[in-house]
Amino acid sequence: MATKAQCLHLTAAMLCISLVLPSFADLQRFEHPAKANGRLSFLVVGDWGRRGFYNQSEVALQMGRIGEKLDIDFVISTGDNFYDDGLEGVNDPAFEESFSKIYTAKSLQKQWYSVLGNHDYRGNVEAQLSRVLQKIDNRWLCQRSFILNTEIAEFFFVDTTPFVDDYYKETDHQYDWRGVSPRRTYITNLLKDLKSALRESTAKRKIVVGHHAIRSIGHHGDTPELINYLLPILKANNVELYINGHDHCLERISTPDSPIQFLTSGAGSKAWRGDVNVKRLNSDDVKFFYDGQGFMSVQLTQTEAVVVFYDVFGKELHKWEVSKQLYTAM
């Protein structure tokens, strides 16, 4: 975990270069209209790609069942799409063995919108971003950072791995930093583009998706770099939900300093039983925590949102509903 000194060092460097560096191109935008009845439904799963092992296939089976029940429009992947070290290339059989041959239910034959996780960066990142994979399985869409407009809500997908200092100091693993170097330039411009896009958005609902947690009581815990750089932007621009993976659990956290709901769905295969910050487990901020495998569903209308967490058997574990008039947890 990054120290306070490390975070301050990166902050100072970013402030300096922001004065002289031009912005990269605007974030790429995609359109996915909601249903004619004004409803949008989707599933969220993260940290899954293990060729069906560690109950990945069982989670996929229940995703298919819930996906049919909710008539979902798409699926969001919160990253760590292929273990342990991403893909070797566009012809890596892991793509089909961990994705195409696992998520076979009819209801899951929808567009998948994916971000990269730290394990994906240990492989060939360009392979996951390649259109070649879309030709193999047209459901697949993975970008570093992008925007998805659904009319009801606007989603802002953020590449969080380059923010984390520890990955640049690791000696046990190599990371594919092509496309994100120099790091400081990349982060500064990404934040600038995100801030601009959020500020200019007219969407009634703004949802941000990244791999790493801002708030979590799981194995990795809070990500200090995201608290310092990303969270202030979310607070200033009325973001409603921040959705992530990384910690292999399911959780919902809500802090009194903002209305943002921090939702973790990183339990798509291997989970970490008992790996939790016990001191924070009973905190008022923690509305729900589950250290087993599972996934999450979200249903949206112009005025309502329903978030449900499910375990590996498809059992409903926690439900949170919100409307313009009232916030309730069930």
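Including glycine, each Cβ sits where the backbone N, Cα and C put it.
TrEMBL entries are annotated by machine, without manual review.
Because the structure is a prediction, the values reported are computed rather than measured.
Taken from TrEMBL, the feature signal peptide applies to 1-25. According to TrEMBL, the feature domain 'Calcineurin-like phosphoesterase' maps to 41-249. Summarising the annotation, TrEMBL assigns Fe cation 1 binding site to ASP47, ASP80, TYR83, HIS248. For ASP80, ASN118, HIS211, HIS246, the entry in TrEMBL reads Fe cation 2 binding site.
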Closest of ASN118, HIS211, HIS246 to ASP47 (Fe cation 1 binding site), Cα positions, binding-site residues only: HIS246
Listed binding-site residues (HIS211, HIS248), ranked by Cβ neighbours within 10 Å, top entry: HIS211
ASP80 (Fe cation 1 binding site) versus HIS246 (Fe cation 2 binding site) - Cα distance in angstrom: 7
Env. residues of Fe cation 2 site, Cβ within 8 Å of mean position of ASP80, ASN118, HIS211, HIS246 Cβ: GLY46, ASP47, THR78, GLY79, LEU116, GLY117, HIS119, ASP120, THR160, THR161, HIS212, GLY245, GLY266
Any further residue of that chain within 8 Å (Cβ to the Cβ centroid of ASP47, ASP80, TYR83, HIS248) of the recorded Fe cation 1 site: GLY46, TRP48, GLY49, ARG50, GLY117, HIS119, GLY245, HIS246, GLY266, GLY268, SER269, LYS270
Distance check against HIS211 (Fe cation 2 binding site) for the binding-site residues ASP80, TYR83, HIS248, keeping those with Cα within 10 Å: ASP80
Between HIS248 (Fe cation 1 binding site) and ASN118 (Fe cation 2 binding site), the C-alpha gap once rounded to whole angstrom: 13
Integer mean pLDDT for the domain 'Calcineurin-like phosphoesterase' (41-249): 98
Distance from ASN118 (Fe cation 2 binding site) back to TYR83 (Fe cation 1 binding site), taken between C-alpha atoms, in Å: 10
